[in-house]
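Chemist: Dumping the structure here so I can ask a few things about it.
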């Protein structure tokens, strides 16, 4: 029934005459060598696309792992004030995502595309605000407002970069395998403690962000390859929201990864404090966090191979649950440095899967929407912006709630040893809470309807629609 319904949607109009029959007995368009080359992405384009995503991944990892401990132990803020900064900053960041996505969707096409101007203009002010986040101002009374201001400004400018960049996935190729490959390249590129060290690290990262944006701009060509995109009428914000949130596979994907993202962000945001105070490895926690990030970076090619070989849903179940036994072991075994490093390697591998797979699956949802709604196109930025909104909402909740929980537990900034109640709270935040959230996320994901068969079917239908429009344009 699903195949017949999809075929009816594309039965009208002029279809390509050259077809071939695949191994399933389905007629699919036979592409010319020129069309094949047009749809293929070069390795250089994939590398440039990946480098363009490094600023978001680097700054996101630094803020996720180190901002909380920086505010508490370096800036010496009260835990309650730190929780306000983390929660309000992330909440504000989440609100800006749908707004920017809507504005991007209404941006007229330029000779550099629709996404690239947003990326280029937002980069320089974003890195300036990022650097100022890691500066301890020579004031005491207004210190909280300093961090809140520059954190919110940075998140807004980073949104102006990341929403167009993530939506750019849909504009670099019409081929799913090429987009999946580019996404894997992107995730594989991503991969600090007194006041001066934080400032030096932020300056280096700021410079890297600028260089990555330049490489992205000059190394990636944004293709106007969405059928009927220019002819589409602009939709209102309410209409765009209704279209996005009424598509079942999108809602299920977002909800499932909302829970799993919240789980890993809870662990990420509190792991440094857990290692430093609960396990007592004050001199090693930087190295342990580095192992997590290196493990995540090095295992991304493995997960890319795995999802191509066994399917994305299987990769989700295996990749995300991989960290659960190690999350339990790290709080049950007595403080042991070797065990901590083993847990870090395993956690990094699972983090790679948790953050690679959603971005690999989101284009499938957008393609599914296009097949189901062939007359309503051009909503890529809205899909991506709302997805970013929900993931950042999860991050804001995790950071705000965890810091507030530490405040209630009696966390004291700057001391060498914390109380038993603080250590118990940290164990809950890096083990019990994440494990429960992962279980909820996987239960929701079980209802996600886009399997490999449906994904391949959508790809064939979109190819037919694209070739149909190309033939119509050539006849005009």
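Glycine is no exception: its Cβ is also placed from the backbone N, Cα and C atoms.
According to TrEMBL:
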type	residues	note
TRANSMEM	47-72	transmembrane segment
TRANSMEM	116-136	transmembrane segment
TRANSMEM	197-220	transmembrane segment
TRANSMEM	253-275	transmembrane segment
TRANSMEM	287-303	transmembrane segment
TRANSMEM	315-334	transmembrane segment
TRANSMEM	341-362	transmembrane segment
TRANSMEM	382-412	transmembrane segment
TRANSMEM	424-445	transmembrane segment
Chemist: Is it the case that the transmembrane segment (424-445) and the transmembrane segment (341-362) have 3 or more CB pairs under 8 Å, with pairs at least 6 apart in sequence?
Modeler: no
Chemist: With Cβ-Cβ distances below 8 Å as the criterion, list the same-chain residues six or more beyond the ends of the transmembrane segment (253-275) that contact it, or say none.
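Modeler: Same-chain residues near the transmembrane segment (253-275) but 6 or more away: 64-66, 68-69, 72, 281, 284-285, 288-289, 292, 320, 323, 327, 340, 347, 350-351, 354-355, 358, 361-362, 365, 386-387, 390-391, 393-395, 397-399, 402, 406, 426-427, 429-430, 433-438, 440-442, 444-445, 448.
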Chemist: Which one, 287-303, 341-362, 382-412, has the most C-beta pairs under 8 Å toward the transmembrane segment (47-72)?
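Modeler: The stretch with the most close Cβ contacts to the transmembrane segment (47-72) is 382-412.
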Chemist: Grab the same-chain neighbours of the transmembrane segment (287-303) for me: Cβ-Cβ under 8 Å, and only residues 6 or more beyond its ends, written as numbers and ranges.
Modeler: 61, 65, 184, 187-188, 190-191, 271-272, 275, 281, 315, 319, 340-341, 344-349, 351-353, 355-357
Chemist: At a C-beta cut-off of under 8 Å, are there same-chain residues at least 6 beyond the transmembrane segment (341-362) that contact it? List them, or none.
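Modeler: Hits for the transmembrane segment (341-362): 166, 169, 180, 183-184, 186-187, 253, 257, 260-261, 264, 267-268, 271, 288-289, 291-297, 299-300, 302-304, 307, 312, 315-316, 318-323, 325-327, 329-330, 383-384, 387, 391, 450.
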